[in-house]
Amino acid sequence: RFIAKPCAINLGIQDSGPHRAQPNAILEKVFTSITKSPDGKRLEGLSKQLDWDVRKIQRWFRHRRNQDKPTTLTKFCESMWRFTFYLSIFFYGIRFLWTAPWFWDTRQCWYNYPFQPLTSRLYYYYILELAFYWSLMFSQFTDIKRKDFLIMFVHHLATIGLITFSYMNNMVRVGTLVLCLHDASDFLLEAAKLANYAKYQRLCDAFFMLFGVVFIVTRLGIYPFWILNTTLFESWELIGPYPSWWLFNGLLVTLQVLHVIWSYLIIRTASKALVRGKVSKDDRSDVESSSEEEDVTSNSTKGIFSTSSNGSNRLNGHVAGGHWTGE
């Protein structure tokens, strides 16, 4: 309200919503009481009842669905808040972990386990991350649903479960490594969305490409060969198969499966960008144009973070095809 909104206004982002559908009591009743996306049979019936062309009715429903979506200004403010959090918590984590022995030698995560001290900096790092992911869990139900809604829901559940579980079992050393690794790419994604909302397309594409590289390197490279290696093999070697070993590693492997899915979507988006010369529309976007002509124009002129799309992420969040989260 006091920082992001003035920044958005200075960048020329207006607080104007999408084109509103013309008032029509019959169509409004169908929209609110029956369906927001009528099938062919219902469209034909409405066409006869109103003496409207079927395509005109389809356009009305598109406008009506879009008018409930947040404005570009609102999405810019949400993304700026997430960018600020991700960037701040990432640098806090790097600064904290740089002097931690387990950051350089993962075997240190298991020496003298579970009798490892919980410092105040480590405690606040955990509490801040847990609070943020709980906020994502709740806000996901008020944001626009996307194709990866279920994936993001599973991701948030797994993340909250891991943070809580590792804290209760004093596995906070390896937990900090997981948290810092996941924060490494998220602020780049939000930066790409901010650039898109401000209509700096080249900057948006550059941030997204950088995000994709960092995401794939950290989630498909460092995570399995550094994090999973220590939780699956080094922990087994140093402290043995403790009772919660299977659950803990099961949650970590679940995250890795999600990383593979999101990486595939990112790579697919990047490959389209190489063909079209710029980053294409978000593969998980629920954006609807007001006409088929607008769809063509949107696909040819806008990037993955279309100003008509929701700014939430949820990659979040995080991730997928372009937005992430994350998620």
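Keep in mind that glycine also has a Cβ here, set from the backbone N, Cα and C atoms.
TrEMBL has this to say about the protein:
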| type | residues | note |
| --- | --- | --- |
| DNA_BIND | 29-72 | DNA-binding region |
| COMPBIAS | 301-315 | compositional bias 'Polar residues' |
| DOMAIN | 27-71 | domain 'Homeobox' |
| DOMAIN | 74-275 | domain 'TLC' |
| REGION | 285-327 | region 'Disordered' |
| TRANSMEM | 83-103 | transmembrane segment |
| TRANSMEM | 123-142 | transmembrane segment |
| TRANSMEM | 207-226 | transmembrane segment |
| TRANSMEM | 246-267 | transmembrane segment |
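According to DSSP, the DNA-binding region (29-72) comprises 30 helix, 0 strand, 14 coil.
A mean pLDDT of 81 is what the model gives for the DNA-binding region (29-72).
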